[in-house]
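Heads up: the structure comes next, in structure tokens.
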């Protein structure tokens, strides 16, 4: 059979695009090939406290290569291995990010469709959001969005938490909505869940009418041999790991930022030196495949309560926690995003990295207030109920890594190097974020510092704890020892370099990429919203390009 479209990877992107294409034209022959299983009806993944998530059967269980700036640690980097991809194992955070990121994307590739205004209609189309703001939000999309207020969760320290953030200079956002393009400030935490249940992309975008192969690994894309000089090779199908060949008119890679880069290289599309190492015939020399790799780093810390008997944590005997709605999502009031107030310190860090003094009027990190850090204060901690926790997520890393081959065999995991915290800017930004959290939790000017928190619990291997007197070196050492992944890999087939604005792989006919690989800039948010919008737009582009001629 000759398929109209063959998707390699059955995650979020493939679910949306294949569903939309079938909706546009039900006669299309569409095949989705997924390496993992179908988890659509598996109750073991449906709740936030499910046991079959990270590290379970639906996780690729990736580890990075030793991270130089993190004491040479190999960092776990979970990625979804199932129909629906990352939506099977993620936390469900529904976070749009900063308008500036998307506008930078559109400017970089010279195409308004990828700006905030260009993607906003798709963001709205995807969601059923409880926020009453029709200019920014949709009400009738297939993805249910819940917030703390819409689920009637009144956490015990909400007022004190809000007052404490404001006391350290963070302002409350209009309607507590950080998903309206300008997220800097205090907003409610929103999640892609329905009364706490996980929303898997392949459920929300049903694949009836689409043929799906699960537990099937693709080894490479099949390319034609040009008959004349200067002619581009054409993608004609895929070869499975078992040797079976499947033919298609158009091949769409949607395997995620790690596997998509690997598949391109195994197909002969990538850096010539990288392909030559493993005797892979070079079909298209493309030095940027696998480069520009980024992930958001996450640092978590635990803080002891002055009065554990007050019932502030989910493991306390407080009867509040027995009410069903408190099991509906992440036990947190707010998602707080912050910039950098110390512009001189940021400029000095930039100068160390770039070797020259940055112009504050033109440098992209200085000319406007960027979204650098995310903070989530949570009512969880140690099982005995004596601690609460807070997460710091570095949303705008300047460190860039790579995905490179380990062999010419698809069964061998590639070398995954996010290069966490390699730059002085990343170290400075994390340090500033941590100092803000220390101030928020321990300062006498905050309600939490005065009445609720007694201090930091500390970490294994350290005799000190975080205090308002902590030195830069101590903060750096703690972050190097404890930074983890937020599971947001992106950028390895960047638009403008590897793919064009229509998502076509440059130098190859009938081959596209639709996943987080194509992000040419860092998206300062959890990636669900951005990739749903990208996939929606991709479906429109693909249908117009190939089905309406």
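Keep in mind that glycine also has a Cβ here, set from the backbone N, Cα and C atoms.
Per TrEMBL, the features are:
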- 488: active site, proton donor (ACT_SITE)
- 526: active site, proton acceptor (ACT_SITE)
- 218: FAD binding site (BINDING)
- 80-103: domain 'Glucose-methanol-choline oxidoreductase N-terminal' (DOMAIN)
What residues, ordered by sequence, lie under 8 A Cβ-to-Cβ from residue 488 (active site, proton donor) and sit at least six positions away in the same chain?
295, 296, 516, 526, 527
Let's check the environment of residue 526 (active site, proton acceptor): how many other CB atoms sit within 10 Å of its CB?
25
Take the Cβ of residue 218 (FAD binding site) and count every other Cβ within 10 Å, whichever protein chain it belongs to.
27
Composition by DSSP (helix, strand, coil) of residues within the domain 'Glucose-methanol-choline oxidoreductase N-terminal' (80-103):
9 helix, 3 strand, 12 coil
For residue 218 (FAD binding site), what is the secondary structure by DSSP, using just helix, strand and coil?
strand
